[in-house]
Amino acid sequence: GTACSCGNSKGIYWFYRPSCPTDRGYTGSCRYFLGTCCTPAD
């Protein structure tokens, strides 16, 4: 995935997903990408 930093956390983008996977934390919505930013960033 692509690295992202939304809010106070860093993570990776999950494109075209309305929400993060259950084992991932939600950092925030980045308007300039079609996806959500989820942690951890691996």
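Using N, Cα and C of the backbone, Cβ positions are placed for all residues, glycine too.
Candidates considered were Cys20, Cys37; the recorded disulfide partner of Cys4 in Swiss-Prot is Cys37.
The disulfide bond recorded by Swiss-Prot for Cys38 joins it to Cys20 [selected from Cys6, Cys20]. Taking the Cα atom of each, Pro18 (site 'Important in ability to inhibit Kv11.1/KCNH2/ERG1') and Cys37 (disulfide bond) are about 10 angstrom apart. Distance between Cα atoms for Cys38 (disulfide bond) and Arg24 (site 'Probably important in ability to inhibit ASIC3'): 6 Å, as a whole number. The recorded positions near Asn8 (site 'Important in ability to inhibit Kv11.1/KCNH2/ERG1'), taking a 10 angstroms Cα-Cα threshold over the set Gly1, Arg17, Cys20, amount to none. Of all the recorded sites listed here (Gly1, Pro18), it is Pro18 whose C-beta has the fewest other C-beta atoms within 10 angstroms.
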